[in-house]
Each structure stands twice: as structure tokens, then as C-alpha cells.
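*Asks:* Can you keep this structure in mind? I'll have questions shortly.
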Amino acid sequence: MTRQLHLGLFIYPGAHHIAGWRHPSTPAASVTGLDFYRDVAQLAERGKFDLFFVGDTLFTREKDGRFFGRQTTSNLDPVSLLSVLSSVTTKLGLVGTLSTTYHEPYEIAAKYATLDHLSGGRAGWNVVTTWEDKASLNFSREQAMAKADRYVRGREFIDVCTSLWDSIDDGAAGFLRDPAHVHPVAHHGDSFAVSGALPVPRPVQGWPVLVQAGGSPPGLEFAALVAEAVFTAQTDFEIARAFRASTHDRMARYGRRPDEVVIMPGLSPLLGSTEAEAQRLEQELGDLVHPEVGIWMLSENLGFSLYDRDPDDLLPVDEIRAAKKPTANADMLLTNAARQKLTISGSARLIARSRAHHSFVGTPEQLADLMERWLLGGACDGFNVMPPYFPQQLSVFVEQVVPELQRRGLFREDYEGNTLREHLGLARPEPGRFQRMLKHVPA
């Protein structure tokens, strides 16, 4: 049987393209209006998407207050939004980001268990450790934790959360509980001390689906231990194939099989009925980018100030790498810029288009060709779709790309299950599974 794609919809306030919110077809109230999120989620469900993914931001993305009015700066709380959307969808998986660095495991375990029950088993948690110093300033800290420390804390965080989800036996719900089916947690670790059972019954899925998106070496190791889905930024077929293979190799060290994870690179498609129309739309969006915002976004992503440079100069790739070790996404951007000999302004336009993810400009049929090659060539298990602007580009994807994928036998005609785990082909975890995997972690 031909492998089939998994599809996620990655929602971003206003649009994924940094100027997409300025496009005439983007609803003005899309950042905070429930109608927008409801309509987009229902459109994704009509397209049989596996999941709807919303990120989280723990600080306002601006530079000295200069860019309000030139870009979107608002984010709704992901779990609150997904809880509302659970009442207006019936099959679509609901994945939200929350940080292990700025929350407590008891709190997060209860939130996602609640969402899983309210949605009938459709919850997923994108686990992040949050590296930005700006976030720490909002949580009574002067700077972010060191990377290694963040991931050690994150591993203990998952240990506690999974123990809490396992603290009530399956079926032991209702007003009264048999004490024999309650297993209080007694955790006393380096970062957390938790005693007691969760007040929420065991999630419908056992645990919400655990997602991870970090690309650094500690992040990749964390994914091998924790992740059941990996959201990744990959722009090159061969590199993506090697990434998927290396993820499987790492998982084996923890006693895990390749079929226990779904790898979904980000894909930002700009679609037109012809190549010429798609290219016209690309130029149209590029013209809407405020130059100052483009340079700001590039500087923020690279961790290197380019404000005082001539935008027509080549991006100083070697200088940037020498100044500070780049993040995985920044390194990918620098590699692409060097290969294409991009200027600073050209690099800014590139990152404005796809936020370092795979950017595609063309027709629905050409996009289906690309997706088929990546899937059957072993470069991915699916894609996290990132429309440059909403809802028009998502509508084109649902109405034209999805039927083409279905015609080729690469995507489901209808949902075959009800839970996110069923959509992704993931087994329901047995109690204590994570603790058994931890035994493989070197001391």
C-alpha cells in the first residue's frame, strides 16, 4: 500500500508571510476574532487535515516599540483557543505550544488532560523549552536558562506530566473513585517536587500526542526520547531525508521504533492557477513588506544586528557565524543565503516569506508533485502547511491540492478514526512507558 501523507495546519496570527496580514483578502479582525479561527479550523477539517497547530509567544515581538502598526504582534493563549475550537470541530486534532521552562508540570498536565476530554481525544502538546531572553524578563528572570539546563528540566517535566496522566487508571472516572485505581505521584527531582494524583481522569488518548520542534543537538536528542510528532524546518530534500533517518537512529537508542514518530516539515505554499499568477502573488506580497520590519525579522532570527548595514550588500554569512553560534534554523538560513548569494534585503524577503521553512511558489499540481516526492522518497511523513495568508490560500489548498493528493492515493478520503493518535497512526501509551524509556538515558 502506498504511504499516505499526514497534514497539519500551522495557524499564525494574520498570516505566515510577514506582510500577509496586509493582503486585501485577510480579514481585519483575524488576530483576535473567534469567527476567523472557527472558519479556518472548519475549513481544515473539511480538507481532512490531521491537526490544527497554534504556537505560543511569551513576549511581544517588536524592537524598542518601533514596529507596532507595521506587523502583527498579538497571540491568543493556545489552550484557551483550542478549547473553544473543540466545540466547533469533531475530528480535527488540536495541538498547542506551551513551555516547560515557564510553567509547572501539574498545571500543564491538567490543562492538556482537560483539552483531551473536551475534544474527545484530539489534544496534542508542542513541547518547547523557550530560548529567548525576552521571555525570561516576563517571568522574573534576567535571562534564559542555559540550553543544556532547559532540556534537562524539560525531560523531568515530561516525566512528571506522564506520571500524572498515568496516576488514574483508565475508566476510573466519575464522582467517586476506587482508591485501588488511583496512584499518587511522589516525585522529588532536581526541578520539581510533586505529590498526589491528577484531579482530571486519564486522558482519552492516554496522553495527549507529544510534539517537539527543536533543531539543536539537545533538541534532537530530546525529540528522540519524547516526540511522537516532530515539526521541523527543512528546505532541501536530501537534508530532510538524512534528518528523518538520523531521528530514527536516535530513537533506537531509547528502545523506540520509527513508526512511533511522525516527521512533518513546515511548508509554506503560495498557489496560483498558473506559475505566472503564483509569481505575481509572490511579488505582490513582497511589495507589502515594510523594509524596516524585514531587516528586523532577519536580525532577530540570526541574532545579529543588520540595522546599520546597506541592504544591497551581500548577507555577511561568515561574520554572523563567527560572532555567535547560530540556532539550527538560523544556520539553515545562512546556508541558503550563501548558496544563492543573497543580499541582506533578499534574505529579509526570503525569511518574510516562510520564516525559514520550505517556501513553494507554483500551481496545485506542482505542489502535489513536490509533496509526493518528499513522502515516497523518505524525506518526511507529512507536512505542516503554513499558508502565506488566510483564508484564501488555505481554500486553494483544500479545494485543489487535497483532491489531487487523494487522486494519487497519497491522502485519506475521509477520517478513519476519531482521535489525533488514530489520525497519525500512533499507539495509545501504556502507563509507565516514558519512565521505561528513561532507563536508556545515560546517567
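Every residue gets a Cβ built from N, Cα and C, even glycine.
From TrEMBL, here are the annotated features:
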DOMAIN    19-373  domain 'Luciferase-like'
BINDING   ASP56, THR97, TYR151, SER216  FMN binding site
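Please situate the listed features within the shown structure.
*Replies:* TYR151 (FMN binding site) falls within a helical segment according to DSSP.
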*Asks:* Which residues, sitting 6 or more apart from THR97 (FMN binding site) on the same chain, put a CB under 8 Å from its CB?
*Replies:* VAL54, GLY55, ASP56, PRO78, TRP125, ASN126, VAL128
*Asks:* Check the DSSP secondary structure of SER216 (FMN binding site), expressed as helix, strand or coil.
*Replies:* coil
*Asks:* Are there any residues at least 6 positions away along the chain from TYR151 (FMN binding site) with a Cβ closer than 8 Å to its Cβ? List them or say none.
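*Replies:* Same-chain residues close to TYR151 (FMN binding site) (Cβ under 8 Å, separated by 6 or more) are THR129, PRO218, GLY219, GLU221, PHE222.
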*Asks:* State the mean pLDDT for the domain 'Luciferase-like' (19-373).
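*Replies:* The answer is 89, the mean pLDDT of the model over that range.
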